[in-house]
Structures are given as structure tokens and as C-alpha cells.
Amino acid sequence: MFSDKDISHFTSLETPFYYYDLVLLQKTLSNCADAAKLYNFHVHYAMKANFNQKVLQHIKATGFGADCVSGGEVSKAIEIGFDKSQVVFAGVGKSDKEINNALDHDIFCFNVESIQELEVINELAAAKGKTARVAIRINPNVDAHTHHNITTGLDENKFGINSWDLPLCADTLRKCASLEFIGIHFHIGSQITNLDVYKNLCVRVNEFAEWFEERGFAVKVLNVGGGLGIDYHNPDQQIPDFTSYFKIFNDFLNVRPNQEVHFELGRALVGQSSSLISKVLYVKNGKKKNFIILDAGMTELMRPALYQAYHQIENISKAKLSSAVKYDVVGPICESTDCFGKEVELPETLRGDLIALRSTGAYGEVMASHYNLRENIQSVYSGE
Ligand SMILES: *Cc1c(COP(=O)(O)O)cnc(C)c1O
């Protein structure tokens, strides 16, 4: 919901732009931190969801760690001031350069996704005279019941080590003198809204933890990843239910004394705190369709084109009650998938109206591209 003051401020700005509500962001972060503290759970923020400088500073100040998926993110986390003992590094394709960079920074842990990667990290750590802490990312074959393009924990997905490779994985760990095994890691997908999925995950985590313990490996860290979804259909109902989410893990995970439970939340922490504000360039009323053509496109917000993601679309220049018309809301890019919504009911819309695409805080600004030689757009903040 935007106030009249917000909207009149927006009118004076060059569009499109990302608008960040830093008060809401901080509320969300504090709410999550409080809920996690109840159970002594550790939260690492999945940086890929949004690495906007101000967003990262708020997250760091809240005391969360950083979950990185590239060398660039590891460097950025350190530069922002995340404690190196709270930086973890996942990813199926870590290059030698990225591994060396992370070793130089003495990060907390590599979440390792293949047996070959274990051998490479061992070699590179040995060459530096270091010991690398590793957790094994296991593919638990648990269905996240989310869009197939953002599912990561099924046998057919590229992520993690499959259960049938674990005996070889254990042998490799025993062989590698420059590795220290600290635990197991999972991340089964994103935008998970059915919390029962996490019960199934807990059952698998318990089994795998026991498997390692039985073979003499002390499992100090249970890292259950992230994926908690947000309600894209109710952008004003803004803070996800972190309490119920953490409670599931508290109820269903067998946590031994001295074991830590780690989470890697991305979307749930940042998703609702931003909107993409755009201006209507043209309105085309056809026989079959009415089109609203925005000055923002898939180059600014790729999620709809990439995986048919839904973002609520609002005409914030017009009162909601005026007579509704159905429009396809599209961007200016020369691709037919450059479409934010079909048959969207909006008040009758005119050139120059401001359109808000809601819930764009996660995987929005960070996925922007220069396709069509489009320029970077500005970010605007409230509540600094
Ligand atoms: C992307 C990612 C996350 C965060 O996912 P969200 O759906 O944004 O919570 C966590 N862990 C890993 C390894 C990831 O790749």
C-alpha cells in the first residue's frame, strides 16, 4: 500500500525504479531473528535473492550470516562486513579461482555438491597448507511442490550429492586430509508455501544425519537451506510466518546436544520490501486484447519471463474503484515473453499512469540485464 505522499514523490522521479521500504525490511528481519532465537537456530541470508548494498547492510546489522553461491558473493559478503565465521559457500560449479578465494577468506564452510568437488577443495586447501571445513549437500529427493523451474531437491536435479553416492562420499572424506567434515546441507527449492514439505525434509535430514553418525562422522551442523515462500497475491500482508516455519523444524528434527541448525533464507526476508515502479508508455486497445505497455520490462524484472512468476500489478495513479478494464501488461523488450500479466483487471489506464509491480524484493533487481542495451535503473529508499 502506498500513501498519497509516496505516490506524489514517485511522480517526480524518473521511471522505472526499484522502490525499497527499509522499515518493512527491518521489521521482517527482526521478526525472523526473534523467531529463530526461540530455538537457537542460525540464519544465513541467501545473498543471491538481493545483493543491494543497503539491503545487505540491514541484514548484516541484524546479525545474520551470508549464504553465497559464487566467488563474487563471497567477496561481497566479506566486503560488507559479514563475519567470515558466518559465511558459507554453495553451488554445483565452484571454479578453482572461487574456491581459492573462499579459502583465502577462511570462510566457515563449503557446502559441497559432488565427490569430485571434495577432491578439488582438498587439493587446493592442501596447496595453501589449510584445512577446509565442508558440509555435504545431499539431494534428499523431496518434492518441494513448487514451480518445476525452482525445484532443486529431486533426483533429476543437478544439485547436491545423491544418496547412492554417499558411501563413496564417506570414503573420500576419510581420504582427504585437508578437509574437515562439519555437517550436512539441503536446499530443496524456492517459493515453498506448503509447510508439510518441510516435515518431509526433516524426516530425511534425520536419516542422513544418523547415517553419517553411524559411520563415525560427527555431524555438528544440520543446514536445512531456505525456500520459504511469500504471498505474492497479498503483498500488503507482508511478513511471512517465521514462527510456524521454525516450529516445524523444532518439532520434527532430531537435534542432538551440541548440534547447530542452520537456515538459508532469501526470498522470505526481502521479497515483500520492494516494488518496481513503472510508467505507462502506451495503451493499445485492440479487438481481442487491450495492452498496457510499460517503460519497465523483463530486463528490469525477469521472473515472469523466466518462470511465469506472478507479481500483483496495481495502477497507483487511479482509485481502485473506478470501472475495471482487462489488460495484458507488457514491457518494451522485443520478446513475446516480456509480459507481466495477462487479462489483468485494472482501472481504465492512461499514458503516464504509474504502475506498481509488487513483491519484487527477491530475484528482482539482481536479475536485471542489459539486453537491448537497456540502462541500469535507480533504486529509491524510504525509511533510511
Ligand atoms: C537460492 C538458495 C537459497 C535461498 O532460497 P530462497 O528460496 O530465496 O529462500 C538457499 N540456499 C541455497 C543453496 C540456494 O541456492
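Backbone N, Cα and C define each Cβ position, glycine as well.
The annotation domain 'Orn/DAP/Arg decarboxylase 2 C-terminal' is assigned in TrEMBL to 18-361.
Sequence annotations record features per position, and here TrEMBL assigns domain 'Orn/DAP/Arg decarboxylase 2 N-terminal' to 35-270.
Residues or ranges marked as N6-(pyridoxal phosphate)lysine by TrEMBL: K48. According to DSSP, K48 (N6-(pyridoxal phosphate)lysine) sits within a helical segment.
Cβ neighbours of E264 (pyridoxal 5'-phosphate binding site) (same chain, under 8 Å, six or more residues apart in sequence): V43, H44, Y45, A46, D67, V88, A90, H187, N223, G225, G226. For G227, E264, L265, G266, R267, Y363, the entry in TrEMBL reads pyridoxal 5'-phosphate binding site.
Long-range Cβ proximity for E335 (substrate binding site), meaning a same-chain Cβ under 8 A and a gap of 6 or more residues, is found for M298, A305. Here TrEMBL flags R267, R303, Y307, E335, Y363 as substrate binding site.
According to DSSP, C334 (active site, proton donor) is assigned to coil rather than to any helix or strand. Residues or ranges marked as active site, proton donor by TrEMBL: C334.
Under 6 Å, Cβ to nearest atom of ligand 1: this is the test, and of the recorded positions G227, E264, L265, R267, C334, E335 it is passed by G227, E264, L265, R267. Taking each of the binding-site residues G227, G266 in turn and counting other Cβ atoms within 10 Å of its Cβ gives the largest count for G227. For the substrate site listed in the record, the two most distant Cα atoms among R267, R303, Y307, E335, Y363 lie 27 Å apart.
Of K48, R303, Y307, all annotated as recorded positions, the residue with the shortest Cα distance to G227 (pyridoxal 5'-phosphate binding site) is K48.
Fewest Cβ neighbours within 10 Å among the recorded positions K48, R267: that distinction goes to K48.
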